[in-house]
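K.L.:
After the structure tokens below, expect a handful of questions from me.
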């Protein structure tokens, strides 16, 4: 919005030309989302407390979590609000990639909101029925994937980028739709599963978004894309603005979500952020990179799959409790230790993921 306005005002004052610089807009996008999130935080927490929108805690969970019962949840609303406002202000409104991310972000946010609302207001511990949750998540993911396939068919936008191999970028054909679906829905659920401790999900999300900001910048720059042997995608540069907005909103939320948390993001935040990371990976053709950089989310999800599978097949559990962060809690690790160690692992994985772009 402001970019469009600046383009019309630059003929009156050349200083408005600064709005055309991607680096400048990335920085102010981050700061805008950060300040909106910090401003909304106390007001959102007070409002959620007044409405008695408190966290529901499992009776079979770690005893240390019982004290969290009643802590305001659905704080993801302020994350999404911060991201959307910042992106609309600083990204080019004509960029289709930006709108793809916003559709998934808002769509998954609505699904998460309904799920949280049923849990918190209607006191339904199961929330939105699983089949309906997956149905609507699938509708959004398949809709976006199909639209992208129709537009980008037989172009670099539908190639598969394979790490470590600079000349291996096969055309996916219709498999592009299926892969995109699994990445978007899978990442949405993976971040949702990770969101079980104070600040555990938001910081890896920030790290991955920051990593993708660098990848988006390189992908949207023909010289760097050729240098790194990744597809050049002319719309990818604007995803830098989206990624930095996620970073800013995430850091602002962490101010209130750090241990001991004053507010939880709820499904409205975790599903939306996960879906956003998934569609960003799809748009940048970096699904494999997401698996590496988002390794914490992958391990959390695998721990649940292995736990359920083992119990159904053998009648035995592999972990004391899944997702795996609860396993370490039940082993006696203090919650802050689990959180910070997962943060460190996440940062390392993002750096390793970025390094794979050059190792080809």
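Cβ atoms are placed via backbone N, Cα and C, with glycine included.
Heads up, here are the entries from Swiss-Prot:
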TOPO_DOM  1-25  topological domain 'Periplasmic'
TOPO_DOM  47-71  topological domain 'Cytoplasmic'
TOPO_DOM  115-131  topological domain 'Cytoplasmic'
TOPO_DOM  153-167  topological domain 'Periplasmic'
TOPO_DOM  189-198  topological domain 'Cytoplasmic'
TOPO_DOM  220-235  topological domain 'Periplasmic'
TOPO_DOM  257-262  topological domain 'Cytoplasmic'
TOPO_DOM  284-287  topological domain 'Periplasmic'
TOPO_DOM  309-337  topological domain 'Cytoplasmic'
TRANSMEM  26-46  transmembrane segment
TRANSMEM  72-92  transmembrane segment
TRANSMEM  94-114  transmembrane segment
TRANSMEM  132-152  transmembrane segment
TRANSMEM  168-188  transmembrane segment
TRANSMEM  199-219  transmembrane segment
TRANSMEM  236-256  transmembrane segment
TRANSMEM  263-283  transmembrane segment
TRANSMEM  288-308  transmembrane segment
TRANSMEM  338-358  transmembrane segment
K.L.:
Kindly say whether the transmembrane segment (94-114) and the transmembrane segment (132-152) touch, using the definition of 3 or more Cβ pairs under 8 Å where each pair is 6 or more positions apart.
P.N.:
yes
K.L.:
With an 8 Å cut-off on Cβ pairs and a sequence gap of 6 or more, do the transmembrane segment (236-256) and the transmembrane segment (72-92) reach 3 or more such pairs?
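P.N.:
Contact between the transmembrane segment (236-256) and the transmembrane segment (72-92): present.
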K.L.:
Does the chain bring the transmembrane segment (199-219) near the transmembrane segment (263-283), so that three or more CB pairs sit under 8 Å (pairs 6 or more apart in sequence)?
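P.N.:
The transmembrane segment (263-283) and the transmembrane segment (199-219): touching, yes.
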K.L.:
Hey, which of 132-152, 168-188, 263-283, 288-308, 338-358 has the most Cβ-Cβ pairs under 8 Å against the transmembrane segment (72-92)?
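P.N.:
Looking only at 132-152, 168-188, 263-283, 288-308, 338-358, the most contacts with the transmembrane segment (72-92) come from 263-283.
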K.L.:
Could you tell me what the rest of the chain brings near the topological domain 'Cytoplasmic' (257-262), counting residues at least six beyond its ends with Cβ under 8 Å?
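P.N.:
Cβ under 8 Å, 6 or more out: 41, 45, 68, 71-72, 75, 197-199, 202, 335-336, 339.
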K.L.:
Take the topological domain 'Periplasmic' (284-287) and find every residue of the same chain, 6 or more past its ends, with a Cβ under 8 Å from one of its Cβ atoms.
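P.N.:
For the topological domain 'Periplasmic' (284-287), the list is 156-157, 159-161, 179, 183, 212, 215-216, 219, 230-231, 233, 236, 239.
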K.L.:
List the helix, strand and coil residue totals of the topological domain 'Cytoplasmic' (189-198) as derived from DSSP.
P.N.:
6 helix, 0 strand, 4 coil
K.L.:
What are the DSSP helix, strand and coil residue counts for the topological domain 'Periplasmic' (1-25)?
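P.N.:
Helix/strand/coil tally for the topological domain 'Periplasmic' (1-25): 19 helix, 0 strand, 6 coil.
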K.L.:
Looking only at the topological domain 'Cytoplasmic' (257-262), how are its residues distributed among DSSP helix, strand and coil?
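P.N.:
Counts, helix then strand then coil: 1 helix, 0 strand, 5 coil.
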K.L.:
Can you tell me which parts of the same chain pack against the topological domain 'Periplasmic' (220-235), counting only residues 6+ beyond its ends and a CB-CB cutoff under 8 A?
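P.N.:
Sequence-remote neighbours of the topological domain 'Periplasmic' (220-235) are 95-97, 156-157, 159, 161, 166-167, 169, 283-286, 357-358, 360.
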